Each structure stands twice: as structure tokens, then as C-alpha cells.
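Here is what TrEMBL says about this protein:
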- 189-257: domain 'Mechanosensitive ion channel MscS' (DOMAIN)
- 20-44: transmembrane segment (TRANSMEM)
- 105-123: transmembrane segment (TRANSMEM)
- 144-163: transmembrane segment (TRANSMEM)
- 169-187: transmembrane segment (TRANSMEM)
Amino acid sequence: MSMKHFIYDYLVETGMTAVYAKYLNMLILLVALLVIAFLVDYIIKKIFIKLFTQFTVKTKTNFDNFLVSNKVPQNIAHIIPLIFGLEFIPIVFQDFPYFENMVEKGFKVFAIILTLWIVRSLLNALKDYFKTLPRLRDKPIDSYIQVFMIFAWALGLLSAFAIITSVEFIKFFTTLGAASAIIILVFRDTILGFVASIQVSINDMVRIGDWITFEKYGADGDVIEINLSTVKVQNFDKTITTIPTYALISDSFKNWRGMEVSDGRRIKRALNIKLDSVSYLTKDEVDTLKNISLISSYLETRQSDIDSYNSEQNINKDILLNGRNLTNIGVFRKYLETYIEQHSGVNKDMMIMVRQLAPTAHGIPIEIYAFSSDKRWKNYEYIMADIFDHTIAAVPYFNLEIFEYPSNSSFKDNKA
């Protein structure tokens, strides 16, 4: 005699009507089923966790560690009590086919949810593992994981809906195709983000850890996360800016990775020299500038060449304009170039140039173009400031003046 009939017969023998005996028999069997299922689940879960933990100790790879930390064994352990429940549902609800159908559908839906849990935990374990690999650490792994999860959840939800409504899966998908336009509209950002994340990865446009500047979104900092719909940038003031992933391919932004992987960080800044302070250098002025050690040998050689040329051409030097001459701004440029070339903070293997730009209403721009040997922001700013501190202080030695707008002190000096 089966347990089901044993309980039912016992209840009838105690004087209970057949109808009440059927309902009470079902409840007792249902409670027994749930208790046994929970006990089996608890025991199997403990066994799985112990086995996986022992397995992780013996293996060299850390992938199995991520399986444990993402609860893959716990989720897999739920499969056995689920199968146990599905097998015993017909026994519990033998006299109630309607309830049997409902509960069986519920268990099947739970089976789909459990499958999604297992897939999610496996994908998260893969994501964590891939992020430990040097060649994949800067790749948008989150985007790909999210794409798989979206497809998995969509398929799972559709399957669950088909089970609940008793609609054939193929027919359900056929009906769903008619609503594809609405689906595309709803998932527009997701689709665009997916396409963008693939293009970003294939074209190597942005990696996690890259410093990017995206003026449209006010982002200026390091990329800390790239996922399906957004890119997170930690600005230098520690605020977080979120950018749509598809904006990386639809808008223009600056990636500073090229600078970071190069041998130096560019210094490109100019001083404006007053036009009326530019002049030829007299012999006495040249002799005075020869006392500056960085350009003394240059002035000796250069002045000798100029004197030889003027002598050969019988140039009348009573007027300074005649022939060839040194100018204070030209010697100043040479001094700056020599100074930068010997500066300890400048990379000597990269371009060093001091050039004169086109005159403007603010004077003649003298631009320093070089690369610092230290690319760290703080040290870079210190090197650049050190160069321009010296440059600004050196200007008066060449009888030049820096352009600046008049201040109150300027008017007071004029009155005096």
C-alpha cells in the first residue's frame, strides 16, 4: 500500500468524510514533500560546497574560486530537490488534476528561474576570472556579460510566459515577431550600446583605465567601467560621470592613452613679448650677454660669423640696420632652447623646440614645445612651472617685456 493511500485510508477510518480526507491527505503529502525537498536541498548544498572548496584547494587555477564566490555550487545544488519535487507532484495531487497542473507549471517556471540563476552565476564567475587576465583586464567584459544575460533573461521570461499560458513556444515567438518594432524601440539604448561596445573593443578606442576627456558630458578622468549601456568615468575631483556607450562612436572625445604609453608628456605654452621691446643688439649688449654661460659660446661663434660676413660685404655698420645683426628676441629663443635641452625634467630624446608664432594684438608669442620625462600629473605641472618660472624671470635680461593688460599699479607708475 502506498503512503498516499495509507494516509487517506487512515483518515477515513477515523470517521472523516472522503472529501475532507482527500484534502487533508493532499496537505499532509504536500508538507511532507516540501520538508523532504528542503532537507535534501540543505544536505546537497553542504556536500556541493564542501566538494567544490576541496577542489579549489587542489587546483592551480583561480577560476574555481570564482565559481564558489559567485555561488555556482549552491545554485546547482537546487536542481536535485527540484527534480525530486517534479517526480512527486503527481502523487501529492493525484485526486486534484487542476492543482497538479498549476503546481507543475509553477515548478517548471522555477526550473527556468533556477537555470537563469546558474547561468548568471557562471557568467559572473567568468567575468571575475577574465578581469584577472592581463590581456583582458582593459576589455569591456561587463558589456558582453550583460548581452548574454539579456538574451538569457529574455528567453527565460518568454519560456515562462509560454508555460503559464499553455501557448506553444513556436507560436508564441511568431506572435512576438509582429511586435518587433516595439521591442526595438524599448531596447533602443541596449541595442546601440551593444553595437558600440563591440566597435569600441574591436577598434580599441577605449580601455578600462584610460584617461579620457569628453567635454560634451563634462568628463575628464579615468574610465573605471564599460558596460552595455554606460561608461563610467572617475573625474580627477573623484566625481563620477556616466556616459552612454554609444556616445563613444557618435561623438568626439580625447583619449590620453597615447601620451601615457609614450616616453613623455607634452609641454606646449607660450609667452607674449611686446613688439616695441624687440630690437637689434649692440656690441656692448652682446658682450654683456656673453656672461650668460648657456649662450656664451653660441654668441662668440654667431657674432664672429656675422662680423666676417659684414666685413666681406663692406657693410656700413654706422647704422645698425645695415647687414646682419643679432636681435634680443632671437638670442632669447636660443637661450630658452639651450636651457630646456639641459633641464633635468625634459625628455632629451623627444622634440625640443622654441618657436616664434605669428604676431597678434597681444604681442609676439614665443612658444616652448617639449616633453616632460615624468608623465605623472603633479610632477608634470611642477616641471612645466619650473621652466616658465625661469623663463619669465629671464626675459628682462634680454631687454624684452612680457605683454600684460594694464593694472592699477601701472597707472600709478605712469602718474608718478
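The backbone N, Cα and C atoms fix where each Cβ goes, glycine too.
Sequence-remote contacts of a segment are chain residues at least 6 beyond its ends whose Cβ falls under 8 Å from one of its Cβ atoms, and for the transmembrane segment (144-163) they are 105, 108-109, 112-113, 115-116, 119-120, 123-124, 126-127, 169, 172-173, 176, 190, 194, 197, 227-229.
Note on the domain 'Mechanosensitive ion channel MscS' (189-257): its mean pLDDT in the predicted model is 85. With DSSP states grouped into helix (H, G, I), strand (E, B) and coil, the domain 'Mechanosensitive ion channel MscS' (189-257) comes out at 22 helix, 25 strand, 22 coil.
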